[in-house]
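Positions annotated as signal peptide by Swiss-Prot: 1-21. What Swiss-Prot records for 25, 72, 251, 411, 453, 557 is N-linked glycosylation site. The feature domain 'Peptidase M12A' is assigned by Swiss-Prot to 203-394. Swiss-Prot lists 245-393, 264-283, 395-412, 415-426, 434-467, 495-516, 610-647, 619-640, 628-644 with the feature disulfide bond, giving sequence analysis as the kind of evidence. For 291, 295, 301, the entry in Swiss-Prot reads Zn(2+) binding site. Per Swiss-Prot, the feature active site maps to 292; the stated evidence is sequence analysis. The domain 'EGF-like' annotation in Swiss-Prot covers 380-433. What Swiss-Prot lists as domain 'CUB' is 434-554. The domain 'ShKT' annotation in Swiss-Prot covers 610-647.
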């Protein structure tokens with residue numbers, strides 16, 4: 001095959017005639033290719049040279065050309081596949097994607113009068129002022145990347161992630177963190193905050209992004225936006241309106257424009273005047289639209305939080321210097337840490353963020369099992385809680401929501417529930433038309449189901465479909481779960497096409513590990529004591545997926561009153577409680593961390609009174625159905641303490 005590239009390097013115009021040498025020779029697994037270089041030198045004389053170019057681990061090719069020691073240009077061809085992630089850093093090459101002309105045109109519309117090259121310089125200058133990210137040695141890096149399981153990443157997935165779309169459009173050097181269009185004031189604020197002199201000053205909370213007045217966002221669709229993208233935006237808006245106090249009004253005179261540019265990006269917060277949100281080709285995903293709208297509402301990426309180093313390790317080993325400013329961490333003065341750190345947030349980078357081709361991951365979670373969960377595009381329960389807290393959404397009456405849910409400000413008669421739970425008070429199994437309630441025994445039982453849509457075999461759908469199972473077991477038993485086999489799963493960072501999430505931990509509000517890679521099959525996972533029922537939440541947005549998994553219960557040696565969450569989580573919750581910034585009430589804390597909180601044998605309530613958390617009618621039914629004794633004692637006490645008799649005999 002012949003391909004033609006034109007490269008302008010300094011004084012040279014180099015015409016590259018790409019020749020695949022000796023196609024029938026498969027030595028060294030066809031790792032090397034020959035390139036025939038034809039060019040004119042500085043004196044206008046034609047010259048010619050043939051060079052052998054090594055193939056990189058990701059399928060791309062690396063070449064370097066030097067002219068009189070003044071020119072050093074490195075380019076990588078677009079890779080045709082991805083590879084198994086490795087434990088050490090292989091030879092890498094930065095992907096070089098120049099800003100395309102169409103991307104430049106749409107970017108000019110969004111930059112509010114700032115020339116693209118000036119914005120590029122501003123971001124580069126801001127990056128030089130960023131707080132030093134602790135550098136880790138090669139030995140430390142190798143150890144870090146041995147902490148999590150390596151998987152075979154799916155080759156040629158059905159769609160690119162939004163950050164890959166922007167990278168290939170050449171937008172990375174012109175947008176902050178790959179998709180944020182900062183204004184001059186925000187750049188100045190971040191630069192000031194990152195300087196060592198400013199960091200020594202005690203500062204008050206200073207939001208980088210302004211709120212939308214009246215909690216109303218006015219917008220209109222640019223004439224070039226397709227009906228498909230318009231519907232995707234409407235779907236994202238409908239979801240956000242149904243779960244927050246925010247309102248979006250379509251108005252042709254609005255200055256906030258959603259347009260079909262090149263790439264996926266937006267402004268952050270309410271800026272005043274014309275604002276833009278770009279959803280170009282490759283951005284036709286409901287989660288991507290919601291992600292960019294969330295930026296418009298004032299949210300930054302999760303890994304920018306001031307406390308991020310408690311949850312992830314940043315490894316810049318294979319991140320080009322020009323991209324390292326994207327790993328800026330905010331200070332407590334500007335970081336909005338309103339909910340627990342959420343690995344599965346739709347605002348979190350994946351572990352591959354800004355990594356050179358073939359390099360090691362740039363973000364590694366302290367909880368290694370979460371490495372392939374980061375980078376998801378499903379709006380999580382805590383994402384919704386973050387938005388509602390950020391905009392002070394509330395209801396006149398607070399409902400007694402179960403399983404960590406909270407009153408829905410868009411409909412104060414129901415709760416917003418963690419995935420896996422539904423009903424008015426989050427006490428029922430969410431029915432998506434797929435899934436059922438299963439009863440575990442002490443022997444393995446198997447469940448197989450297929451869901452999705454066979455009509456989209458060529459590309460991924462804009463939105464996912466869900467399936468939800470509950471596994472129940474007798475009181476005092478612990479549920480075990482094992483994935484046996486899968487069909488048509490795409491193993492990618494973020495599990496953006498399909499995945500299964502067994503909710504094993506007692507805190508149902510957080511996104512738990514999602515599995516979309518076969519390397520985790522056959523592993524026996526044990527739920528925390530007291531997790532009963534245990535939801536198994538699964539999703540699909542490409543073709544059809546089949547899951548086969550097994551479940552059973554085992555005896556537990558955990559006492560009735562004990563921590564049901566891991567020690568690190570309980571110590572963190574205890575610290576937050578002591579500092580007066582806990583998002584949980586005393587009853588919730590007892591269910592999760594009774595021993596650490598020293599709540600065993602004590603009435604768990606903020607005001608010292610013992611009462612049912614749910615309405616009397618529901619607790620009466622709860623007791624009649626035998627749930628006071630069938631459920632784990634801590635769970636029964638939490639739900640209906642008075643009706644179940646725990647006021648006189650606390651767990």
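Cβ coordinates are placed from backbone N, Cα and C, and glycine is handled just like the others.
Broken down with DSSP, the domain 'CUB' (434-554) shows 3 helix, 57 strand, 61 coil. Each of the glycosylation sites 251, 411, 453, 557 was scored by the number of other CB atoms within 10 A of its CB, and the lowest score belongs to 557.
Taking the Cβ of residue 647 (disulfide bond) as centre and 10 Å as the limit, one finds 15 other Cβ atoms among all the protein chains shown. Of 245, 467, 628, all annotated as disulfide-bonded residues, the residue with the shortest Cα distance to residue 291 (Zn(2+) binding site) is 245. Residue 467 (disulfide bond) and residue 516 (disulfide bond) are 15 Å apart (CA-CA, integer value). Cβ neighbour density within 10 Å is lowest for 628 among the disulfide-bonded residues 415, 516, 628, 640. Counting residue by residue with DSSP, the domain 'EGF-like' (380-433) contains 10 helix, 8 strand, 36 coil. A sphere of 10 angstroms centred on the C-beta of residue 610 (disulfide bond) encloses 15 other C-beta atoms. For the recorded positions 301, 411, 610, a Cα-Cα cutoff of 10 angstroms around residue 395 (disulfide bond) retains 411.
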